[in-house]
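Features of the protein shown, as given by TrEMBL:
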BINDING   GLY10, VAL11, GLY12, LYS13, GLY14, THR15, ARG126, ILE135, TYR136, GLY198  ATP binding site
REGION    30-59  region 'NMP'
BINDING   THR31, ARG36, HIS57, LEU58, VAL59, GLY84, PHE85, PRO86, ARG87, GLN91, ARG159, ARG170  AMP binding site
REGION    125-162  region 'LID'
DOMAIN    126-161  domain 'Adenylate kinase active site lid'
BINDING   CYS129, CYS132, CYS149, ASP152  Zn(2+) binding site
Amino acid sequence: MRILIFGPPGVGKGTQAQLLAEKYNLLRISTGDLLREEVSLSSPTGRKVEQFLKKGHLVPDDIMFEIVDNILIENKDQDILFDGFPRNLNQARSLEKSLAQLGQRIDLAFQMHLDEDEIVKRLVNRRYCLKCGRIYNYITNPPKNNDLCDFDKQKLSKRDDDTEEITRKRLRIYETETRPLIGYYKSLNIYREVNAQGSKEVILDEISSIVDDYLNVKCRSN
């Protein structure tokens, strides 16, 4: 199974991806995490990536797929969840080609949506764990122990781009670059829309219901 979750920054894609990956034993491919790991390695690619991230810009597709294609090949027998990827039509088509070469395709594409002001409020309150990558939010998904990760007790960090100014800039980029994916995945009859206003448990139940229905139909057809 190959599913993906996309939507504006701050709607809770990472939280839902984490929960779904655990529930369905999916390999979660978060390009954000992959890019930050590349930056931390101080590789030539990582140094290029760092400049784009600091400015709130999207990383060019050729750099992105240099990283993603290797992951797909290494994990071709694993069920996969794409978290926040692809981010534009070119990436979507390239991903489709990469998967086709492995005899695979995207089965479900979820778009999470939320009011812009709510997104800004959420992002300035977002924190993440440098060690395990788990994401928290002081409004919607707070840690149990102040600024510490619930799982490994590491101090939580704030991303440099989680400011109101950069967030609104990223939202403009989303409208231009990523929103066209809605029409693309509708044309493939795999698009599903999710309201991100509810609690993480309610949203997980909604997405899980759709995934379960898909798996049941697939099982019967086999």
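Cβ atoms here come from the backbone N, Cα and C positions, even for glycine.
Sequence features annotated in TrEMBL and their locations in the structure.
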residue: GLY10; record: ATP binding site; contacts (Cβ under 8 Å, 6+ apart): LEU114, ILE119, VAL120, ARG122, LEU123, ARG126, THR167
residue: GLY14; record: ATP binding site; contacts (Cβ under 8 Å, 6+ apart): SER30, GLY32, ASP83, GLY84, ILE135
residue: HIS57; record: AMP binding site; contacts (Cβ under 8 Å, 6+ apart): ILE173
residue: PHE85; record: AMP binding site; contacts (Cβ under 8 Å, 6+ apart): LEU4, PHE6, ILE29, SER30, THR31, MET64, VAL68, GLN91, LEU95
residue: ARG87; record: AMP binding site; contacts (Cβ under 8 Å, 6+ apart): PHE6, THR31, LEU58, GLU177, THR178
residue: CYS129; record: Zn(2+) binding site; contacts (Cβ under 8 Å, 6+ apart): ILE135, TYR136, CYS149, PHE151, ASP152, GLN154, LEU156, SER157
Neighbours of CYS129, CYS132, CYS149, ASP152 excl. site residues, C-beta within 8 Å of centre, Zn(2+): LEU130, LYS131, GLY133, ARG134, ASP150, PHE151, LYS153, GLN154
GLY12 (ATP binding site) CB neighbourhood, other CB atoms within 10 A: 28
Other parts of the chain folded back onto the region 'LID' (125-162), taken as Cβ under 8 Å at six or more residues beyond its ends: 10, 12, 14-15, 18, 30, 33, 53-54, 56, 170, 199-200
CB within-chain contacts under 8 A for ARG159 (AMP binding site), separation at least 6: ARG126, TYR128
Cα-Cα distance linking VAL59 (AMP binding site) and GLY12 (ATP binding site), given in Å to the nearest integer: 21
Span of the AMP site, taken as the largest CA to CA distance across THR31, ARG36, HIS57, LEU58, VAL59, GLY84, PHE85, PRO86, ARG87, GLN91, ARG159, ARG170 (Å, rounded to a whole number): 24
CYS132 (Zn(2+) binding site) to VAL59 (AMP binding site) - Cα separation in whole Å: 23
Cβ neighbours of THR31 (AMP binding site) where a neighbour is any other Cβ within 10 Å: 20
Secondary structure at ARG126 (ATP binding site), reduced by DSSP to three states: strand
Cβ neighbour count within 10 Å of CYS149 (Zn(2+) binding site): 22
